Structure formats: structure tokens, C-alpha cells
Amino acid sequence: MTNIRKTHPLLKIINSSFVDLPAPSSLSSWWNFGSLLGVCLGVQILTGLFLAMHYTSDTATAFNSVTHICRDVNYGWLLRYLHANGASMFFICLYLHVGRGLYYGSYTYSETWNIGILLLFAVMATAFMGYVLPWGQMSFWGATVITNLLSAIPYIGTDLVQWIWGGFSVDKATLTRFFAFHFLLPFIVTALVMVHLLFLHETGSNNPTGIPSDPDMIPFHPYYTIKDILGFLVMLTALATLVLFSPDLLGDPDNYIPANPLMTPPHIKPEWYFLFAYAILRSIPNKLGGVLALVMSILILAIVPILHMSKQRSMMFRPLSQCLFWLLVAVLFTLTWIGGQPVEHPYIIIGQTASVLYFLIILFLMPMISLVENYLLKW
């Protein structure tokens with residue numbers, strides 16, 4: 001008798017995606033982050049749903065409703081901090097997932113890669129709007145500064161900003177629409193995730209060697225299901241530790257002050273996971289130039305497949321490219337640090353140097369070093 005999981009119309013899809021899926025036998029722990037991102041998304045949607053039951057998106061009551069959740073709702077403090085720190089875990093997993101793709105050449109699956117870039121933008125937009133909702137000082141001023149960047153767009157910029165604000169400044173209309181979009185976007189992200197997986201399963205997974213693994217495949221279950229479960233336990237332990245011991249470690253103390261349009265905080269900065277892009281934005285003195293650099297800092301991922309000059313897919317056997325990759329990681333850490341510092345000497349010049357290096361490594365040095373490696377291997 002044929003197993004029901006192979007014949008039932010719905011179970012058949014689940015079976016071919018998570019049970020009988022042929023997977024390369026050599027996948028390392030770097031391949032765990034896709035499933036971890038799925039868990040993060042699930043945690044964020046669930047905690048967000050319960051928070052939305054008690055939150056009010058009105059400038060007069062938003063800050064107090066968050067206080068009410070933390071003080072009066074059963075385990076409301078836990079929901080709030082799981083949601084806030086869950087976003088941090090989400091971005092840690094996201095950046096490691098993208099880094100894995102860059103290192104092992106997974107970007108050669110261009111459809112999967114491009115949907116991934118769309119996902120990155122969607123998650124960043126969701127996180128930005130979520131940061132505005134508690135209506136603290138950094139929420140208000142962060143929203144003001146970032147939405148104002150759109151005014152750099154020639155001709156339509158000012159109208160566009162006022163259209164997004166729903167008035168002449170960040171106010172009640174802005175908060176209400178940001179809440180609506182913050183609620184909606186995670187479901188769009190979920191749909192995009194399904195498309196991402198659909199394209200991935202068309203080609204099959206890459207592996208650390210970058211060599212086709214068709215002759216050596218193993219079923220996803222039980223080998224990788226058990227491996228993923230271990231990953232879940234490690235990540236959820238890290239999240240629980242963060243939430244229960246130092247929930248405000250990654251937040252900004254200014255956000256515990258209710259939003260006040262008449263008082264600007266000394267240093268306006270976004271959450272830590274946007275600091276690298278914020279540093280690139282600030283390192284260019286021209287407003288439009290800064291906005292273009294900000295967008296390009298993420299959009300540059302879309303042209304990485306075109307810049308792939310190596311005859312080998314993965315960096316596993318390319319020591320020169322590995323050195324450049326880890327230099328890029330160091331540059332990103334430097335940019336993240338600079339994004340949180342005030343705009344003064346020597347931070348300005350460090351930020352500008354790191355920004356130039358970031359684009360230089362991806363656009364010129366990596367393709368050039370790949371050609372050098374090809375030559376050294378006489379390919």
C-alpha cells in the first residue's frame with residue numbers, strides 16, 4: 001500500500017519539500033539558517049499577533065498601550081521582549097544566511113537569490129515600521145529622519161514624503177498606516193518565502209564544495225530534520241537568554257521617553273541591524289548621493305551573480321577570495337560600529353573609508369582576485 005504522505009494532494013507537497021526531499025550529503029551548519037529564519041518568522045508573527053490585540057495605534061495612547069502590555073497583560077512583558085529581540089535574532093540569521101550564499105556561491109541560483117533580496121527588503125521595511133510603533137523618542141525621530149530621505153528624490157520628493165506621512169509631519173496618520181503595514185508585511189514575507197523555497201526546490205540545494213551533488217543525495221528526513229531541530233534549540237536558547245537576562249541590551253534607552261516633536265535626541269540612530277547602511281548613508285555629504293548609496297548597499301547583492309568571474313562556484317578552495325570575504329565582514333562590523341557613533345572626527349573619515357572599501361571589494365576586488373585565481377590554476 002502506498003504511503004498516504006505520497007498520495008494525498010496536500011501531504012504530497014509537504015512530503016516533497018520536507019520529508020523525501022533529496023539533499024546533498026555534505027551540508028554544514030551554515031545551511032541551518034534558512035530553517036532558523038522560518039522559526040524566527042513564526043515567532044514574530046505569533047508574538048506580534050498577541051501584541052496587536054492590546055496595542056493602540058494612536059499618538060495619544062501608543063506609548064501607554066506598550067507600557068500597559070508590559071505591566072498589566074499576563075506575560076505581556078515576555079511577548080514584547082520576545083518580539084523586539086526576536087527581530088534581532090531574525091537579522092542575525094538573515095545576515096549569516098546571505099553571507100553563506102556569498103561565500104559558497106549560492107547566488108548562481110539567480111531566481112532564488114533575487115527573491116531572497118526582495119525578502120531582505122521586505123523584512124527591513126517591516127522592522128523599520130515596527131520600530132516606530134512604541135512611539136518613543138527614537139521611534140518618532142527615526143521615522144522623521146528616514147522618511148525624510150525620500151525628499152531627496154528630484155521633483156516628486158517632497159510630495160512623496162507628505163503622502164507617506166499623511167500630513168506635514170510624522171503624526172497620527174503616519175503611526176496608523178505604519179501599524180497597518182507592519183501587520184500586513186509579514187504575511188507578504190511568508191508568501192515570498194514560499195516562492196523562495198519553490199525556486200530552491202527547482203534546482204536543489206548548493207553544497208559547501210560548489211560541485212554538483214546529484215550522485216550523492218540523502219533524504220531530508222531524518223538527517224536534516226534532526227540537524228534543524230538542534231539549530232532551533234540553540235537559537236531559542238540564545239533568544240530566551242537575551243529576553244530573560246538583558247532584554248534591553250540591543251535597544252535604545254531614548255525609546256523609553258515618550259515621543260516629543262519639540263525635543264530632538266542627541267544622537268538619532270536606527271536599531272543595530274541597520275547601522276551599517278546608516279553609516280554608508282551618513283558618509284556621503286550629498287543627500288541624494290547618500291540615499292542612492294544606502295539603497296545600493298543592499299541592491300548591490302543583485303549584481304553579485306554577474307560579477308562572478310571564478311571557474312569555481314564556492315570559495316572553499318579559493319584562499320585569496322576567502323581573505324577578501326573576511327575583509328568584507330570586518331568592513332561591515334566597522335560600519336555597524338560607526339553608524340552608532342556621533343558625526344565627528346575621527347568617525348567621519350573611518351566611515352567614509354569603510355564605505356569606499358565595501359563597494360570596492362564587491363565591485364572590483366572580488367572579480368579581479370577571481371580572475372587571478374583562475375590564472376594561477378591555469379584555467
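Note that Cβ sites are derived from N, Cα and C of the backbone, with glycine treated the same way.
Here's what Swiss-Prot has on this protein:
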type     : residues      : note
BINDING  : HIS83, HIS182 : heme b b562 binding site
BINDING  : HIS97, HIS196 : heme b b566 binding site
BINDING  : HIS201        : ubiquinone binding site
TRANSMEM : 33-53         : transmembrane segment
TRANSMEM : 77-98         : transmembrane segment
TRANSMEM : 113-133       : transmembrane segment
TRANSMEM : 178-198       : transmembrane segment
TRANSMEM : 226-246       : transmembrane segment
TRANSMEM : 288-308       : transmembrane segment
TRANSMEM : 320-340       : transmembrane segment
TRANSMEM : 347-367       : transmembrane segment
With the cut-off set at 10 Å between Cβ atoms, which of these binding-site residues ends up with the most neighbours? Options: HIS97, HIS201.
HIS97
From the Cα of HIS97 (heme b b566 binding site) across to the Cα of HIS83 (heme b b562 binding site), what is the distance in angstrom?
20
Near the transmembrane segment (347-367), which same-chain residues lie under 8 Å Cβ to Cβ, leaving out any that are not at least 6 residues past its ends?
279-280, 282-284, 293, 296-297, 300, 304, 307-309, 321, 324-325, 327-328, 331-332, 334-335, 338-339, 341
Measuring CB to CB from HIS196 (heme b b566 binding site), give everything in the same chain under 8 Å that is also at least six residues away in sequence.
THR112, ILE115, GLY116, LEU119
Can you work out whether the transmembrane segment (178-198) touches the transmembrane segment (113-133), with the criterion being 3+ CB pairs under 8 Å where the paired residues are 6 or more apart along the chain?
yes
Chain-internal residues near HIS182 (heme b b562 binding site), provided their CB is under 8 angstroms and they sit 6+ positions away:
GLY48, THR126, MET129, GLY130, LEU133
Hey, would you say the transmembrane segment (113-133) packs against the transmembrane segment (320-340), going by three or more CB pairs under 8 A that are 6+ residues apart?
no
Outside the transmembrane segment (226-246), six or more residues from its ends: residues with CB under 8 Å to it
29, 32-33, 35-36, 39-40, 43, 78, 81-82, 85-86, 88-89, 93
Could you give the residue numbers and ranges of same-chain residues that sit at least 6 residues beyond the transmembrane segment (77-98) on either side and whose C-beta is under 8 angstroms from one of its C-beta atoms?
30, 33-34, 36-37, 40-41, 43-44, 47-48, 50-51, 66, 69-71, 116, 120, 123, 127, 130, 235, 238-239, 242-243, 247, 250-251, 271-273, 301
Cα distance (Å, whole number) from HIS201 (ubiquinone binding site) to HIS97 (heme b b566 binding site)
17
According to DSSP, does HIS97 (heme b b566 binding site) fall in a helix, a strand, or coil?
helix
